[in-house]
Amino acid sequence: MALSPDARQEFGSGGIVNRMNVDTHSVIWFVTEFSHNLWSLPMQIGIALYLLYQTLGWTIIAGVATMFISMGVSAYLGPIVGRLSKKLMEYRDQRLEIMTEVLSGIRIVKLYAWEPSFIKRINHVRVGLELATIRTTSMLNAVFSFVTGTIGFGITFSTFALYSLVDNQSHGPLTPQLIFVSMSLLGMLGGPLGAVSGFITMFFEAKVSFLRLYELLTAEEIDFTAIVRKPYDSHSSAADAVLVSVQDASFKWSSSGDAVLKGINFECRSKELVAVVGQVGSGKSSLLSAILGDMVKSTGDVTICGTIAYVPQQPWILNATLRDNILFGYPYDEEFYNSVIDACALRPDIEMLPAADMTEIGEKGINLSGGQKMRVSLARAVYSKADVYFLDDPLAAVDAHVSKHIFTNVLGPQGILNSCARILVTNAVQYLSSVDRVTMLCNGEIVEDTPFAMAVANRDRIFEFARRHIEERESRTASSSSSTVGSDFDTKYTEPSDNQKNAVTADADTLAGNGQSQLIMPDAGRTIALETKREGEVGWDVYRSYIDIVGVQNIAVFSAALLAATLGGICTNVWIKHWSTANSRAHDYGNDSEAAPHSVVYYLLIYGAIGIVSTLLNSVQSMVMWTKCAINASARLHEIMLAGVMRAPVSFFDVTPLGRIINRFSADLSRCDDMLPRAVFGVANNIIIVLAGFAVIVVSMPPMLLLMIPLFFAYRYLQKRYIYSSRELERITSMMRSPVFAQFQEVIGGVSTIRAYGQQSRFMQKSHERLAQSTRSSVNYNSLNRWLSLRLEFLGNTVTLGTSMWAILSMRYFGFNDAGLMGLVITYSLNVTGSLNWSIRDYTTLENTMTHLERIVEYANLTPEAPNVIEDCRPKREWPEQGLVEFKNFSMRYREGLDLTLRDLSFQVLARQKVGIVGRTGAGKSSLTLALFRIVEAASGQILLDGEDILQYGLFDVRSKLSIIPQEPLLFAGTLRENLDPFNIYTDHDIWRVLEQAHLADYIRGKDERLEFAVTQGGENFSVGQRQLICLARALLKHAKVLVLDEATAAIDNATDAIIQQTIRNEFSDCTVLTIAHRLDTVTDSDMILVIDAGHLAEYDTPQNLLANKDSLFSKLLEESHNVSSSNF
């Protein structure tokens, strides 16, 4: 929450999530599982070398030399692994950055039918960069496996060779007594040496993760001292005390960027209402951000006295109840709370919610309209009882009568905040006569700062700005009605009427509006679906999915190589037994040539040949596992999960927090990339070793079967008890991780609001609580591992003790005198004990990691939307040619069991007609758009485009033929060209043409990169108005025959609104245009007006006819709107 704008841009939300998840896990995993090796491995190696020296003398130098060579190879490869790990993490950051952005704007992505473009971008990072690095890392893992597999044989072979050829006099020949003791000691040495390779690998991976975390924790932070904060006491301070003061200040968004605001001198006093106005991109919102400390101050001084409340232009809504969103951590005062609800015109909305103000508001307020979200944000500010209020255009997202109500009861001279300092960014010029002072910005500079009465008297810039807005609005109204409302602007400057009736109704619904609240209400008051987890064993279907993904052929090759390598290992040990027995016999017979028919070289060559073949087979199985099985699985798992999520309906994203989905693409996928192949490899390797070892022991000493059977059941009992608890803890850990990421995603979007209210400590405390819950399961998991370790060691020692005792008894009482075979059996009992312990651990790890695969498969199998393309039924390329839209007896509900949202609608929009769609909240206006784009499918009836039922075509074929300019303009990180033309099908000339038409060309030409100008995440380096113009340019470039405007001009000034309206009239004259609006003056020049009321078609006629009928619903709505505007001028 303290990161500077530069740092937030550098790391991005994806990079921060990856550090929170993967990097912290890597560091913790190293510290808890490997850090003890710093002292234990040297000690084990030292003890083993000392005992070997006592047994074989100085000839162990050959083994020591081999050991140092292998350690040198590992040390050489370690930094390479580190560099690859760093690149891999960077690529994961990029992928998660894109994923976060796409999922945040999934509705817009689906409306634009841009899924293929973003899937291609994500797959480019995943396959072209991330998996390419994983493939290289896998090759190195195979090399490490080769080194680990070679080291044991290499040390044994070199030591025995030197001993046999040079120094076999001091300790005698390699008899079974000597050779199997030595092999046990060499096994003691080989284990730690093999662990050294793993330790080096994990050390460099953890080092990379630690440095990445260090970079984040030491990144540049906001300079909180740049804004001087002072306490304020309204009782002891002067009535006109200056609460906000900015003197000769300049601000920029990044420390290396150009100044956005220059030479700012501004102040706001107690009880003063200052309006900030200006054209799109003039710096109005930036001024508030600068004063709040969200920009870099390069010169000047800024002082704020008292507490702060902030209403951002794009409201930030918590995933909590509506009441909690308003209280925002403050104590509940029922009387004041109710007065705030009424003042902010929220009472009618609350009464519509299933659990009133205790209704859970979904992530980003998905079950509220744009205006409702803004009023909740305003109510939060009012309830905080702050001294200074920063209000960024809160009236833009509501209709005229609600706007009037809010200004009168909250913002204005008689409002609930009239005793506070208020800085109001607004395009609602009708209220300028009621403010104390008007500040006008142009190109980042304050060009005028004066009371509005003086601006009118002097006919200066503020006067011209307001006059132009009023005239543009009225010119549109005049085109639809011969009667004018009001008179000249000069005669309208009067004081507002206090006794005018305030007809308070809720504002217009939007694509994220009230209709969707039905979609996402599984229980009254609950919006977000609880995350579920499976119970019991991981199903065979999950394992089968993994086998199918990896490929049966790859598994067959791996299994064959593994079996052959294991048999090779058995052959080497059997040959050692044969060799030692021959030596023992020769020694007993005084080196008789008949007792020892072959030379030492003969035995060494065959031993070496078998060992080399076995090592090569080990390398083959490692190579197949890491470069074929693991890569295939990683590529395919991401592919199917991405496809499943991108094909999911919008309703899934309404009830699923973004952090929960990102958790699957981050933690779960990372575990399947890294841990799953290791677990599969470990289980397969150890099981085959155990089976082979049991076979050798039982064949060599059949009575040992009596001991092995009960031990098998004891191991199985331990495994079942351990694996059940371990698996469920892993599932719980995965689930408990989701709320942590969900809260992070939520906080990162509202960090400016949190800082403004001074709520950092509260949100940090919530984060700590969720982390503590997540950590508890991890602590229990580690405790469970210690429980298992103790019992496995006990059982392992029981196996070794039983084997040794049986061997002694056999030699003493049953006359069994094959010492070599006895040594072989005891050696295998030791190997089997270790492998049994690891097989249980690895199988548990496999089962636990399969829970991550289980979660991935769950998302891969989400219920999809209708097919994107129906190959047997594709529309003509030119369809729709005319743009004729017809609803026939159309009804719609958001899901089964809910009431119909639209009921039996029948109307026709002729080709090239311009239709305004109006109605009150919940009427179903935006449901029409959802139905047209097939975001929600029909319950009955038809929608026809040029006479063809859209249900017969795939979703892409329908959505790609329509255009929309949404209320909340969304840009994606990338270039400007990518934001306009993600499929790269238009020429530069086409793009520049639409930029000219959208009045953006001059601005873009001023950028060095021009069309390659980098758009930051969410388009934050553009103003909201500029983003809306870019959305207009998208529609112009596509030039579909049907265009939908969903409150597209709600957040921009009237001048920019006029530009958009004029451009649409000129450039879409040959298209059908459907406009959803709460600024009714923007649709009065339409050919037809469609009024929706409670899901029914209430009115559908020309605006002239509807206005001629004073009893029409449209006429009443328009009259209310004009009364509000006219009363202020």
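Yeah, the Cβs are placed from backbone N, Cα and C, and that goes for glycine too.
Residues or ranges marked as domain 'ABC transmembrane type-1' by TrEMBL: 1-205 (among others).
The annotation domain 'ABC transporter' is assigned in TrEMBL to 244-468 (among others).
The feature domain 'ABC transmembrane type-1' is assigned by TrEMBL to 560-848 (among others).
What TrEMBL lists as domain 'ABC transporter' is 885-1119 (among others).
If you look up TrEMBL, you'll see 474-500 marked as region 'Disordered'.
Below 8 angstroms of C-beta separation, residues 45, 49, 52, 137, 140, 143-144, 147, 150-151, 154-156, 158-159, 161-163, 166-167, 186, 189, 193, 196-197, 200-201, 203-205, 207-208 of the same chain, each at least six residues beyond the ends of the transmembrane segment (58-82), sit close to that stretch. TrEMBL lists 58-82 (among others) with the feature transmembrane segment.
For the transmembrane segment (143-166), the residues of the chain that approach it from at least six positions outside its boundaries are 52, 56-57, 59-63, 65-67, 70, 73-74, 77, 173-174, 179, 182-183, 186-187, 189-190, 193-194, 197-198, 201, 572, 600-601, 603-604, 607-608, 611, 614-615, 618-619, 622, 626, judged by C-beta separation under 8 angstroms. Annotation comment: TrEMBL describes 143-166 (among others) as transmembrane segment.
Among the features that TrEMBL reports, transmembrane segment is placed at 178-204 (among others). When Cβ-Cβ distances below 8 Å are used as the criterion, the transmembrane segment (178-204) is approached by residues 29-30, 33-34, 37, 40-41, 44-45, 47-49, 51-52, 55-56, 63, 67, 70-71, 74-75, 77-79, 81-82, 85, 141, 144, 147-148, 151-152, 155-156, 159-160, 171-172, 576, 579-580, 583, 820, 823-824, 826-827, 830-831, 834 of the same chain, each at least six residues removed from its ends.
The transmembrane segment annotation in TrEMBL covers 555-576 (among others). Residues 153, 179, 183, 547, 603, 606-607, 610-611, 613-614, 617-618, 620-621, 624-625, 628-629, 684-685, 688-689, 692, 696, 824, 827-828 of the same chain sit 6 or more residues outside the transmembrane segment (555-576) yet have a Cβ under 8 Å from a Cβ within it.
Look at TrEMBL and you will find 600-620 (among others) tagged as transmembrane segment. Sequence-distant contacts of the transmembrane segment (600-620), counting only residues of its own chain at least 6 positions beyond either end whose CB sits under 8 Å from a CB of the stretch, comprise 142, 145-146, 149-150, 153, 156-157, 160-161, 164-165, 557, 561, 564-565, 568-569, 571-572, 575-576, 579, 582.
For 682-715 (among others), the entry in TrEMBL reads transmembrane segment. Listed by sequence, the residues of this chain that lie at least six past the ends of the transmembrane segment (682-715) yet keep a Cβ under 8 A from its Cβ atoms are 558-559, 562-563, 566-567, 569-570, 573, 795, 798-799, 802-803, 806-807, 810, 821, 824-825, 828-829, 831-832, 835-836, 838-843, 845-846.
If you average pLDDT over the domain 'ABC transporter' (244-468) in this model, you get 88.
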